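The structure under discussion appears below in the form of structure tokens.
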Amino acid sequence: MRLSSEAKIAESGGQPPTAGSRSETGSESTEAESADPKAQKWYQRSLNPLRWQKIPPVPEERTVSREYGASFFSIASFQWMAPLMKVGYLRPLELQDIWTVNPDREVDVLTKRFEVSLEKRTNAGAKRPLLWALYDTFRFEFLLGGFCHLISSLLIVFAPYLTRYQIAFATEAYVAQRSGQPAPRIGRGMGFVVGITVMQAIQSLCTNQFLYRGQMVGGQIRAVLILQIFNKAMKLSGRAKAGGVQSPEQQEKIKELKAAKDQALKKPGSPPADDKGWGNGRIVALMSIDVDRINLACGMFHISWTAPVSIIVALILLLVNLTYSALAGFGLLVIGMPFLTYAVRFLFKRRRNINKLTDQRVSLTQEILQGVRFVKFFGWESSFLDRLKEIRHHEIRSIQTLLAVRNGILCVSMAIPVFASMLSFITYALSNHVLDPAPIFSSLALFNSLRMPLNLLPLVLGQITDAWTALNRIQEFIVAEEQKEDIERDEHMPEAVRMDRASFTWERKAADKEAEKVEKKANPRRTEPKSEAPTDSAESDEPFQLRDMTLDIRRDELVAVIGTVGSGKSSLLAALAGDMRLTDGSVRLSTSRAFCPQYTWIQNTSLRDNILFGKDYDEKWYDQVIDACALKPDLEILPNGDATEIGERGITISGGQKQRLNIARAIYFNAELVLLDDPLSAVDAHVGRHIMDKAICGLLKGRCRILATHQLHVLSRCDRIVVMDDGRIHAVGTFDELSRDNDLFKQLMSTASQDSKEDEEEATEVVEEEAEKQAQQEPTKPAAALMQQEEKATDSVGWTVWKAYIRASGSYFNALAILFLLAFANVVNVWTNLWLSYWTSNHYPSLSTGQYIGIYAGLGAGSALTMFIFSTYMSTAGTNASRQMLQLAMTRVLRAPMSFFDTTPLGRITNRFSKDIGVMDNELCDAMRMYAITITMIVSIMILIIVFYHYFAIALVPLFLLFLTASNYYRSSAREMKRHESILRSAVYARFSEAITGTASIRAYGVQNQFRSSLRDSVDTMNGAYFLTFSNQRWLSVRLDAVAVLLVFVTGVLVVTSRFDVSPSISGLVLSYILAIAQMLQFTVRQLAEVENNMNATERVHYYGTQLEEEAPAHIPSNPVPESWPPHGEITFDNVAMRYRPGLPLVLKNLSMNISGGERIGIVGRTGAGKSSIMSALFRLTELSSGRITIDGVDISTIGLHDLRSRLAIIPQDPTLFRGSIRSNLDPFNEHSDLELWDALRKAHLIDSDTKDSAVDASNPNGNANAQRLTLDTAVDEEGLTFSLGQRQLMALARALVRNARIIICDEATSSVDFATDQRIQETMAQGFEGKTLLCIAHRLKTIIHYDRICVMDQGSIAEIDTPLNLWEKEDGIFRAMCERSGISREDIVGQVEKE
């Protein structure tokens, strides 16, 4: 498979790529080959009518679709597509070639119409406001498609009836010639031929318009719903997101919705739907999977009602042909309908269950990918893969059951016309009627005309079932509770903030008890010890609350908010930002607000755009903000200054840079109220002092600033201080007042006083990893885009992918078995109708009527049975292939190096594991099966006609060449359009997913419209390509239908001219078959396009499963490590050199040191010294360039990555929590007892060591019994956002304690906790990790001066390494200078050592 690179469109909303946007994958040569006629296959060159034309240049910009303003003839024949098809045949299509959507189809225009209708329908009390609003919006195009299909369906039925008269004409001529009577005039026969041909032509045009209008409506509905889901996600309340009890209004709406679905709520006040809440994963699934199902169903929706109409008309005509005998066949159809109804209900139920499993898989996949760095640190790849595999196993089994039922319905629906015709003909024969070829084969053609609607009806009903379920889910989401703006605005009040007895609550999942039941059922022996668990389970289920808050803050005041971990500092700011629900009292703000949260949300765009955040660029103000936030030095380092793309989630910049960017965003927003949640925790003291001076007390002077902080040394500069305790305001006052009168404040200050000087003077110039991350970028690149451009194949899906797909299905034997079953089923089917012709002409006089009937019935039954076996075998093999390829792709992705995740948007990966896998599961098998059945039927018909009408072969040759030319002409463009659409769709997913994760920040700043506009532009860009993917199908279909019409005409002429020589029975059989050709050719083209387009999804999954770069093996069988390794934890670095990528400078240079088992090493150093690189090297996130690292004598490069990482533990700076419970986060794979988990929570100070109750804030000196309780089953929401950053860091410490590894790496694990908790954590690390090897990368020198040795890094090398006291004695040493700047004296070091 040759690959080229799609230009990055996620940033520009789909702007054309630059000339230098191709990746180094040989795409230039590939595309040159595609465009070069000499590089094409000989038959492609021979059939190329444009081979002498010049290759057109790539346009500079995209233009509006040629459909806009096209003539009636051009629209009817899709001639407006011809210019693009021509370009696509001459060279691969580029993004600039893809036309934009018609102005009246832009999503903004459609959304406005939709929203007006939705409001109107909702106000009118419609039961299905969403459904009716969609109908109102797209009524004209929707009904036009339905009208076209009604005409088409009627013509499909009337054309076979007209063959009765042509067959009668042939019979008359045949009998007349045999009896010597005058033959009928040939003009009469030719008149029938012309009539049938005209009817076929009109039917073709109508069918293509129906399909085009249906797909167009589906694409437009998809666009509107994506925007609606996004808009709702921006407004969704925390309670609805978490799955909690909704407001009475929302409950009433949900009750109405459930009643319409014949489902009642379990009890009043119960959570919505399946009690899961609308987490990010479910919202993404709505946008990617459910919306796509609605889009798919729109394409052929009208078949659901036109099929019954055509069936009824056909039965009336059958009564005319066969009299009452047709009622026998009709009765069989009637009997079959209840079976179909029951089966559809079963499909509806199964699809709902499958949706839940798919949601689980997609949500877990997204969560794993978001925390992949942490998963790698702990070596959990295999365990998470097993968890995904288990969910996938149940999902595939459910899908296979669903498809088996669909196959049964399909085969029954295919068999019904056969058995109905069989029953009618047998009844007709047994009722003493002569089997005249004219009514018999006209009736056979009528029964055959029923085959397509009956075949498609169950598929369409299945799609409608899926869409109905999806529509209900979206409807349920749209009526979910919205975040109310509880905070009032009063521009005239003197204060900036006025809180009067206000109470707030976080809203989390109400169904935690249900989850707890499931977990306990899975682990019946895992129970909490009675002596440890809290007695009040209701309290443990309570979310954290702020109570009785009364506070007024002036417009120009700087107010600090302090308190212990979990006291409610961050919650107070979140409440003012609108993230918490007001439950009592009132809050009023006088002005606009900006929010700098503790956890920075970074967009996948440039640094400047992240700071501007939708505001207009003001160069002077921007420069002032950059300077005040100490970002100028960083801009000089970045390869393209502030235009540098900083990657998804800000992966290319350090924690300190993220925090400063966060502060800069809040300041640049120029609001009068600025909420700052611990903004100085991730920056060093030097930078923190600069920000305090220049930003908080500089640019923001004169504005209302509320600063939550652990840096208590800044309190003296604040106008007032708010002391939080247990979710309440404990005290408010000036620094002097609180120092004099408040005991809790005094206690906090006394704890902090030991560290305050260090915090003021500590002088690492910026956070340690900043320069190291910059070193990962090519310094000489002038404007490199960080995100890798998505691979895009420029050739058809190659045999490599097909072979991989067949192999993944089980074995290559499957392909042979499927082909054999298909051929056998078609042979039996053709023989069934051929036998009917022998019966009508009494070809075998020796056979009785009963024998004819018996053989005829046996062939019909055999045809249905073999078709069912074929269909079931194929769908089972296909879903097995999907399961295996997903497993390979997911395994490969989790085994990919971190550089892959750093340069690939999460939405792009999620797209492959949601949309593409959904296509492989549900659409690919159907498309391949229907294509295979239809193409073999066409071949069978051609062979049959040639056997009896030899001259047909002469006409077939030029028509076949025309068919082949048109197909080749089409496929070149179709491939490129689909691939462009796939990549543009990935960009929409990425943009949608990114914005959903940043909802809190987007809301706080009030920039929802900006992100909506960005998504809108991406959707329009995607639709520009998507609409063309089916427009070119229709262009081809019209032209191939012209071939089919000519085939009908030629066959009709041959029947007329051979009327004296060929039996009327054979003529009737041939005519009945040839009329099905037009439908079949249309269907073949459509299914071939579906197969190719759906195989594109397989190709993308296959690429992830085979082409991604891999890390070293997880296990090396030839070099296993014993269970007890490492027994001592001795680490040796021997001349270690490391660079992040080839061609980049070394970040570790000839580093050598020996760390004894049980030794505690503190690692410090200036910017870019290489401290974090040591961690990367030890975990082998980046492989060494030279040298080696040994642990207890074992070279870590010679053992498996899992064997290494599973024996290490890390406490990272950015802790990651997964959705579930505290138990599942501490011990996700049930490897430890509950007692061990409780002990870890106690040691990490997440629960009180002295009482039975478990409190979040054990460091709270007053230990209030009303504090939020934790149990092992306490729910952890998505990304753990219901816990403060400090609490998450404590959870990471508890996780490391549970792991009980011999070697622990600590990466500034206490940066977001207060000093009292920090002190207790240091004690825990000293006691809990006693005898363990501990490497600690530290910001606060005070925390490591009691370690055994200090390693001072400088420019990738060890500058100093010795005991703290010995390093202090070196007067010109780096460590000595750092200590002096931090206010650490010799006595401090000696004192700490003596304490030890």
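Each residue, glycine too, has its Cβ placed from N, Cα and C.
Features as listed in Swiss-Prot:
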{"type": "BINDING", "residues": "563-570, 1165-1172", "note": "ATP binding site"}
{"type": "COMPBIAS", "residues": "18-29", "note": "compositional bias 'Low complexity'"}
{"type": "COMPBIAS", "residues": "510-533", "note": "compositional bias 'Basic and acidic residues'"}
{"type": "DOMAIN", "residues": "525-751", "note": "domain 'ABC transporter 1'"}
{"type": "DOMAIN", "residues": "816-1093", "note": "domain 'ABC transmembrane type-1 2'"}
{"type": "DOMAIN", "residues": "1131-1380", "note": "domain 'ABC transporter 2'"}
{"type": "REGION", "residues": "1-40", "note": "region 'Disordered'"}
{"type": "REGION", "residues": "510-543", "note": "region 'Disordered'"}
{"type": "REGION", "residues": "751-787", "note": "region 'Disordered'"}
{"type": "TRANSMEM", "residues": "142-162", "note": "transmembrane segment"}
{"type": "TRANSMEM", "residues": "191-211", "note": "transmembrane segment"}
{"type": "TRANSMEM", "residues": "300-320", "note": "transmembrane segment"}
{"type": "TRANSMEM", "residues": "324-344", "note": "transmembrane segment"}
{"type": "TRANSMEM", "residues": "409-429", "note": "transmembrane segment"}
{"type": "TRANSMEM", "residues": "440-460", "note": "transmembrane segment"}
{"type": "TRANSMEM", "residues": "816-836", "note": "transmembrane segment"}
{"type": "TRANSMEM", "residues": "852-872", "note": "transmembrane segment"}
{"type": "TRANSMEM", "residues": "930-947", "note": "transmembrane segment"}
{"type": "TRANSMEM", "residues": "951-970", "note": "transmembrane segment"}
{"type": "TRANSMEM", "residues": "1036-1056", "note": "transmembrane segment"}
{"type": "TRANSMEM", "residues": "1065-1085", "note": "transmembrane segment"}
Cβ packing number for ALA1169 (ATP binding site), 10 Å threshold:
27
Would you say the transmembrane segment (440-460) and the transmembrane segment (324-344) are in contact under the rule of three or more C-beta pairs closer than 8 Å, pairs 6 or more apart in sequence?
yes
Can you give me the same-chain residues 6 or more apart in sequence from LYS569 (ATP binding site) with a CB-CB distance under 8 Å?
VAL561, ILE562, GLY563, ASP677, ASP678, ALA708, MET724, SER1284
Around SER567 (ATP binding site), how many other CB atoms lie within 10 A of its CB?
28
Does the structure show the transmembrane segment (440-460) and the transmembrane segment (142-162) touching, where I'm treating 3 or more Cβ pairs under 8 angstroms (sequence separation 6 or more) as a contact?
yes
Near the transmembrane segment (191-211), which residues from the same chain, at least 6 beyond its ends, have a CB less than 8 A from one of its CBs?
76-78, 144-146, 148-149, 151-152, 155-156, 158-159, 162-163, 165-166, 169, 299-300, 302, 1030, 1033-1034, 1037-1038, 1041-1042, 1044-1045, 1048-1049, 1052-1053, 1055-1056, 1075, 1078, 1082, 1086
Around the C-beta of LYS1171 (ATP binding site), how many further C-beta atoms are within 10 angstroms, looking at every protein chain?
24
Average the per-residue pLDDT over the domain 'ABC transporter 1' (525-751) and send me the rounded value.
81
Do any residues, 6 or more residues outside the transmembrane segment (142-162), come within under 8 Å Cβ-to-Cβ of it, and if so which ones?
135, 192, 195-196, 199-200, 202-203, 206-207, 209-214, 217, 302-303, 305-307, 309-310, 313-314, 317, 320-321, 442, 445-446, 448-449, 452-453, 1072, 1075, 1079
Hey, does DSSP put ALA1169 (ATP binding site) in a helix, a strand, or just coil?
coil
Six or more residues out from either end of the transmembrane segment (300-320), which same-chain residues have a Cβ under 8 Å from its Cβ atoms?
145-146, 149-150, 152-154, 156-158, 161, 210-211, 214, 326-327, 329-330, 333, 424, 443, 446-447, 449-450, 453-454, 456-457, 459-461, 463-464
Cβ neighbour count (within 10 Å, all chains shown) around GLY563 (ATP binding site):
27
Translate the DSSP assignment of LYS569 (ATP binding site) into the three-state scheme.
helix
